[in-house]
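J.: For reference, the structure I am asking about is given below.
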Amino acid sequence: MNKENIESILHEKRIFFPSSEFSAAAHIPSKDNLHKIHSIANRDFEGFWATQAKTELTWHQDFTTVLDRSNPPFYGWFIDGTLNVSFNCIDRHLEAHGEKIAIISERESGEITTLTYRQLYQRVCRFANVLKSQGVSIGDRVIIYLPMISEAIIAMQACARIGAIHSVVFGGFSAQSLKDRIENTRAKLLITADGGYRGGKIVPLKATADIALAKGCPTIEQVIVLKCTNQSITIEQGRDIWWHEAEANAHDKCTPTWVNAEHPLFILYTSGSTGKPKGIQHSSAGYLLGTITTMKWVFDIRQEDIFWCTADVGWITGHSYVAYGPLAAGATIVIYEGAPSFPDGGRFWKICQDHKVSIFYTAPTAIRLFMKMGKEIPESYDLSRLRLLGSVGEPINPEAWIWYHQVIGRERCPIVDTWWQTETGVHMIAPVPGAIPTKPGSCTLPLPGICVAIVDEEGNPVTSPHEGGHLVITQPWPSMVRTIWGDKQSYYDIYWRKFEGKYYLAGDSAHLDEDGYFWILGRDDDILNVAGHRLGTMEIESALVAHPQVAEAAIIGRPDGIKGEAILAYITLKDIEPLDEEKQNLLIQELRIWVSHQIGPIARPDEIKFVDNLPKTRSGKIMRRLLRSISRGEIITQDISTLESESTLAQTPQSKS
Ligand code: WTA
C-alpha cells in the first residue's frame, strides 16, 4: 500500500438486490440495460448528451454545438440553443396533464393546499408579471428568503420564466448571512414573508430582512412580502409591497423569455462546512437536463408517483429535486414547511401516510435522528405506498442504512444513496435502483455520461481496492457549476488548480471496492494521519454508530507527539439520561474495544467525549473543522454563520469527557 494514499478499514459485506417486481417496472430494468446506456455514453460522449438533451428538453431554438471546450475549465453545453426552464417545468405538461396535481403543500400547522399544473402555471405567470412590473428583467438578481411553501417554488419558477437569476437564502439564516448574499449578488429585489413556522415557533423573516437591509444592501430597490403568519411587521412605504396585492392585479399569462442554454438560472451559496460561502452559478439547459435524467435514472419517476424530497429550497437538493427536476418530469411533489419532529417524531411518517408518498428522499442526519427516537414511532404508520428511498448530504453509515431499509422501507424498497454536490448540480454517483444491487454505505457507481475517478496526489488513478484517494470528475458534464459568481479565479483555484485544469476536484476522499463500487471516506480536509496511516472519518464514525448506545459520532484528529495525530471521537448517545462518571468510563472502554473489533486497533479512538449535540451546518452536515478548532483550544475565527445552532458551540468545549 502506498503510504501517501488513504486506507480503507471498514469491510461492509452486505448486499441487497432489487426485487424482480421493482426491476420489471423500472425505467432501467436490468444490469444489461444499464450497461448498454453506459456503452453508448462511452462510445460517443457528446452524442449521448446531445440525444438526452433533444429528447428530454423542449427547445425554442435547437442547438448545434454540444460541448464548448474552447475555454477550459469554463465549459459550455448546447451553447447556441435557446429555451426556458419554467416552460419546460410547467407549460409543456399543460395539454396532457394540466389537471394533475403538481404540488401538495403541508404547513407546519397541518393546513394542506394543492396546486395542479394549470394552477401552478397561472400563479407563476402572475408572479412573473409582478416581477416585471417591478422592473426586474433578464439577468437581474432576485433574492428569495421564504419558508418552505408553494410560493417559494412559484417565486423561483417566476424568475426562471423571465430570465431573472434567483438566489435562494435558507429561511434559517441570519441577517448577516442574508446581507452578505444580497451584497455579493448585487440583487435588485428581495422576496420574503412576514414569517414562517418551524418547531412551533415563528421564524421572523421580514424582521430579519429589515435588519439586513438596514445594514447595507444598497442595490435592493423593492421588497415583496408574502403574508404567511399574519404577525405584525413593519412595511416601508415605497420599498415594500404585499405579494397578494400585487398578484391580484397581475395577468395570468406571461410569455416565457427565451434564454440561451448557458444563461445563469441561479446562484446558490454553498453550505460551507469547510469555509467561506461561495456563490455557485448554474446554467439553464445543462442544469435542467441533469435534473430530469436523474429523476428517471435514479428516482425511476413514474406518472403515478408521489415524490417527497424533504430538503428546503434553500439547498441544492431543494433546487434540483423539489423546484426543478420533479416538475420538469411532470411529477406530483409533496412539500412540508416545518420541523421533522413537530409536534412529535411521527410527523414525517404521518405525511408519508396521509399523502401516499411513494418516493422519499432525505438526509442521514434525519435518519439518525429518527433512529434515536425509536422504531416504534414509524412502525405505527402505514408506509405501504413507499417504493423507493433516497439519502443525500453525508455518507450514510451502514447501521443507519439498515435501519432505513428495515424500519422505513420494510425491507421492500431499494435505497438510493446519492453522491453529489451543490457544484455538480445533480446526482453523479448513485444506484440505478432497478438495475444494480446496493451495499449499505456505498453510493455505488457513476451514472451514464459521468466520468469519475479516484486519484493520488499526482493525479494517477488509484486502482487497488481499499486504497483511497481524491474523488475527481474527469470530463465536463451538463449540470456542472459554471463559475463562482464574480470570482473566476477562486473557481479555478478551488476546483481545478490541483490537477492543472485536467480534473474537477470534488474535495472528497473515496475508495473503490472489488466490484468498482465507490465508498466516500469523508472530506479531504478531514482525513487523519495516525502513525503514518491515513484514515477517513466515515469508517470510524460508522463503527461507532453501529454500537447500540451511540446515536451520532464525529471523528477528528488531534495533534499527537508520537502518532502524528490521535483519534478523538465526539459522541451523542441514544439515551437522554446522563451517565455518571463511572458508567461513562466503562462505556468509553467498551467503545474503544468495540472499534478495535469492528475495524482494527489502528482506528481505536484515543479519546472519547460525550456531548449533547454535534455542531452541524444548517443542512445537517457535521462541522468537523469546528470541532478541530475547539479541541485545539483555538479562538474560533472561522465563519460560523452556517452553524445550525450556536448552543452546540457553547456546550461542546465543556463536554463531559
Ligand atoms: C457530502 C449536497 C457521501 C460530500 C447534495 C459532498 C455525501 C458534500 C453524499 C456536498 C453521499 C453528499 N455520500 N457524502 N451520498 N452526498 N455528500 O454541496 O462530502 O451540500 O462533497 O450538496 O456532501 O454537499 P452539498
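Here the Cβ of each residue, glycine as well, is placed from N, Cα and C on the backbone.
OK, TrEMBL features for this one:
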type	residues	note
DOMAIN	36-89	domain 'Acetyl-coenzyme A synthetase N-terminal'
DOMAIN	91-477	domain 'AMP-dependent synthetase/ligase'
BINDING	Arg198, Gly199, Gly200, Lys201, Thr317	CoA binding site
BINDING	Gly393, Glu394, Pro395, Asp417, Thr418, Trp419, Trp420, Gln421, Thr422, Asp508, Arg523, Arg534	ATP binding site
DOMAIN	539-621	domain 'AMP-binding enzyme C-terminal'
BINDING	Val545, His547, Val550	Mg(2+) binding site
MOD_RES	Lys621	N6-acetyllysine
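In the displayed structure, how are the listed features positioned relative to their neighbours?
T.: Taking a C-beta cut-off of under 8 Å and a sequence gap of six or more, Lys201 (CoA binding site) has no contacts in its own chain.
DSSP assigns Thr418 (ATP binding site) to coil in the three-state reduction, placing it in neither a helix nor a strand.
Broken down with DSSP, the domain 'AMP-binding enzyme C-terminal' (539-621) shows 29 helix, 27 strand, 27 coil.
Long-range Cβ neighbours of Val550 (Mg(2+) binding site) (same chain, at least 6 residues apart, Cβ-Cβ under 8 Å): Leu544, Ile571, Thr572, Leu573, Lys574, Leu591.
If you draw a 10 Å sphere around the CB of Lys621 (N6-acetyllysine), it holds 22 other CB atoms from the protein chains shown.
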J.: Cα-Cα separation of Thr317 (CoA binding site) and Trp420 (ATP binding site), in Å?
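T.: Computed Cα spacing between Thr317 (CoA binding site) and Trp420 (ATP binding site) is 9 Å.
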J.: Within the domain 'Acetyl-coenzyme A synthetase N-terminal' (36-89), how many residues are helix, strand or coil going by DSSP?
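T.: Going through the domain 'Acetyl-coenzyme A synthetase N-terminal' (36-89) residue by residue, I get 25 helix, 7 strand, 22 coil.
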J.: Determine the most Cβ-crowded residue among the binding-site residues Gly199, Gly200, Gly393, using a 10 Å radius around each Cβ and all protein chains in the structure.
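T.: Ranked by Cβ atoms within 10 Å, first place goes to Gly393.
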J.: Would you mind reading off the Cα separation of Gly393 (ATP binding site) from Lys621 (N6-acetyllysine), to the nearest angstrom?
T.: 7
J.: Determine, to the nearest whole angstrom, how far the Cα atom of Gly199 (CoA binding site) is from the Cα atom of Thr418 (ATP binding site).
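T.: Gly199 (CoA binding site) to Thr418 (ATP binding site), Cα-Cα distance: 28 Å.
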J.: Can you tell me which of these binding-site residues sit near ligand 1, meaning the Cβ is under 6 Å from at least one of its atoms: Lys201, Thr418, Trp420, Thr422?
T.: Thr418, Trp420, Thr422
J.: In whole Å, how far does the CA atom of Pro395 (ATP binding site) lie from that of Lys621 (N6-acetyllysine)?
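T.: Here the two Cα atoms are 10 Å apart.
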J.: Taking the Cβ of Val545 (Mg(2+) binding site) as reference, which residues of that chain separated by at least 6 in sequence fall under 8 Å from it?
T.: Arg368, Asn397, Glu399, Ala400, Ala551, Glu552, Ala553
